[in-house]
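Report on one structure; see the data block that follows.
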Amino acid sequence: QSGANDLQTEADRLVQMSICASLARKFPKVTIIGEEDLPPHDVAEELIEDGHCEEILKKPCPPQYTGIKEEELVIWVDPLDGTKEYTEGLLDHVTVLIGIAYGGKAIAGVINQPYYNYEAGADAVLGRTIWGVLGMGAFGFELTEAPAGKHIIVTTRSHSSPLVNDCITALNPDTVIRVGGAGNKVIQLIEGKASAYVFASPGCKKWDTCAPEAILHAVGGKITDIHGNSFHYNKEVKHMNSAGVLATLRNYDYYASRIPNTVKQSLVP
């Protein structure tokens with residue numbers, strides 16, 4: 001069954017098959033959790049990626065991760081974050097998210113924007129990959145802080161509700177930006193287009209937040225639920241982030257202190 005809020009496209013399934021099968025072949029002991037429930041079957045060879053990125057391999061592994069065993073890692077995959085926007089042709093909202101967790105904590109992430117620059121003309125390079133590792137930093141974009149003294153909130157475009165809007169009103173924003181996709185929202189923070197990402201609703205899942213969290217934390221930002229609790233990414237954890245999302249690159253405490261108690265009481269972790 002596939003309602004408007006659960007748009008599962010052929011693109012979702014093919015991308016997930018490609019990512020998960022490629023990772024599983026290279027790292028057979030890793031736990032991989034993807035958004036789509038796919039039956040196990042042989043994946044066509046043309047969907048397997050067996051290359052690697054020389055640029056990344058040149059960098060030293062942060063010392064705290066050199067002793068990790070493969071079976072201790074959990075990889076959270078969202079093959080197409082912003083599916084609804086994708087089906088509506090808002091291609092810049094779309095991201096592919098691959099987050100790596102160790103000890104229940106997001107430690108590395110990849111946000112790929114396959115359609116980045118799609119409106120920039122025929123000569124523009126299409127697509128980009130943003131990635132980061134805790135203790136190493138984040139790459140593939142220009143880290144920029146939002147304008148000082150401005151409260152620019154980025155929130156959901158397609159999952160609004162009275163609670164979502166009440167929470168935003170309480171923050172007294174100068175501007176509210178509504179875009180699709182959790183990956184896209186965190187990009188707004190690290191590129192200085194928004195000062196806080198606020199989503200006072202369940203609906204966001206672990207595969208939505210794992211990769212963006214690692215990248216945001218790698219550059220000194222912070223992401224939690226609406227109560228200020230950290231997210232956990234061990235393989236047994238429930239998939240839903242049922243107490244919403246609050247994220248900032250800077251000034252986290254300012255926004256956290258202004259979340260109304262009525263909103264907190266409505267969202268149970």
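Each residue, glycine too, has its Cβ placed from N, Cα and C.
Here is what TrEMBL records for this protein:
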{"type": "BINDING", "residues": "Glu35, Asp78, Leu80, Asp81, Asp208", "note": "Mg(2+) binding site"}
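Listed in sequence order, the residues of the same chain lying 6 or more apart from Leu80 (Mg(2+) binding site) and placing their CB within less than 8 Å of its CB are Thr9, Ala11, Asp12, Val15, Tyr86, Val94, Val96.
Listed in chain order, the extra residues whose Cβ falls within 8 Å of the Cβ center of the Mg(2+) site residues Glu35, Asp78, Leu80, Asp81, Asp208 are Val77, Pro79, Gly82, Thr83, Thr95, Val96, Leu97, Gly181, Ala182, Gly183, Lys205, Trp207.
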